[in-house]
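Comments concern the structure below.
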Amino acid sequence: MKTWRENMKKILTLLLITFLLNSAFAVIIKAPAVSLTDRGYVGVPINIQINVTKGDGHVFMDTMPLTELDMQGSARIAAKVAGEVTGKDMSKYNVYITVRSDVPVVGGPSAGGTMTIGIICELMNWSLNKHVMMTGTINPDGSIGPVGGILEKIEAAKKANCTIMLIPKGQRYVEVEGNKVDAVEFGKKLGIKVIEVGSIYEAIPYFTNKKIIMKEYPENPLIEEKYKDIMKELSENVLKTANEKYENLSKELSNSYVGYEYQKALLNELTTSKSLLEKANDEYLKNKYYSATCSAFNALIKLETIEHTLKYLTGEEDVKTFLTEVQNKISHDKEIVYSKNVTTNNFEEILAGRIRIAEAEKLLDNAWKSYYLGNYDEAIKYGSFAKLRGDSAIWWVSLKENDNNGKIINEAKLKSLAQQYLDNAETILTYVETLFPNLPTDDLENDLESAKEAYKDGDYLLTIAESIDTCVKAEIPLVIFGDIEYSKKYARNKINLAENLGITPISALGYYEYANSLNDTISKIMYYKYSSYYAQMDIDVIKELNKSISENISSEINIVTNENVNIEETTTKENNVGIMISAIIGGLIGFAGGYLARRVSA
């Protein structure tokens, strides 16, 4: 009995020492929050303690009082971003986050940026400036997202004896009871300097007097040229097909009459397709080959729809026969796509083909639904798009058909990576759903379900692609009012890193080029997101197959310290992010998920 007691004492002593050591070396950081009282909403500071130990990639959270799920989602994303910023492989660490507040607080995602700073400081063993506080959500690309309660949180900073308050870029001006309040001036009256930051990189120097510079990689001119050669050939083929179809349909439509309303509608669509073709031809002449392909592809969708609408109206073809033919064609296209060997040189093209086949099948499902509801016009539109989406799958898997230098990949080796992408998609979607509970996310849930089904079927490339789709669409509300130049630079740098590893990131380069050609903000951000995700996917696949590359990438960060730190303060034009979000947020996911109302990539 005595021996047992002595052993227990030793174990308890070791546990106590471990706890004390962890507490001694923990990072403790304050964050502002909002609490609901009898007098309304008030700002309160909360304490966040962060410990990082060797582990296996878990994030643990202990909160008192209990917080909402959005804070837990923030914590996982914060750990992921901290790993990328510091060059640490977070699958080798566990993160423990303890949150304490004297009063119940409303929500929790606004501490995402703060938690990221805390985890970075723990990983790097850096001390914190206790007089700095920050509010802002953390986005997967490291940008800081908008929050509510800015003025109350500035008051919380005052209560915590802070002198600097960092807020998300674009939130300087806050509307209170119909009046605009300048948060910077509001802070001055409390003795607090309020500064806007757009990314975690901008926030780090204020807390640490150190600056982590995102390592910038140069473009690889040989790979850029290779990409252009591949895309030039594809754009020529698609342009030729689209131009010929336009000429044929122009003659056919001029010789047909299908009633005033239909004739007018079809002529309008023909005019739009002509504009798209002119844009495509212009982009081709400017060496923007992927953009030219996309513009021509969008023209083809309209022309295909005109062709089969005309056949239906003239009695040459019934809708059911058309959809059955499309269904058979997609089945044949799928056989071709899945018959290709996946190699280290073509895995991206095969992935692109598989996701396009999956999209073609979804479009065809919509076509059949429209048909059985008696909406034949919509059925023809979806059917035409489905047919062409199947065509584009074949285009992609044929891009490197003559490149036999790559090693065949055993797709089972990508199972772990596919699980990571699936987990990440689920985390981001849950995060967005808790941040924006009124946001319609049925399309995103369907994308996530498709990713899970692909994983169950052992189709790990498709799992990754469907997961990326979910992530990109889900992130739009998080970054829509962020710095678009940051998204652009982030994507370009990911592409350059892939190129420096000898990868030809065709999808990433294509999406980047396409984003540059677009005018509306939502589309640009969406395709920059696709670009950065696909470049990262290329890097991740190569790392998964060659672990030595992973070690080289992880160690590459640039740190500037002390007197060398030069903090540039920026401010934004007057706007009201909160009002703008509530005005358009409901339409964002519908835009991202909708097939017929947006321009699409080839």
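Keep in mind that glycine also has a Cβ here, set from the backbone N, Cα and C atoms.
Looking at 61-81, 103-123, 145-165, the stretch flagged in Swiss-Prot as transmembrane segment turns out to be 103-123.
Lys153 (active site): 26 other CB atoms within 10 A of its CB, across all protein chains. Confidence annotation: the domain 'Lon proteolytic' (25-210) carries a mean pLDDT of 89 in the model. Note on Ser110 (active site): other Cβ atoms within 10 Å of its Cβ, all shown chains, come to 30.
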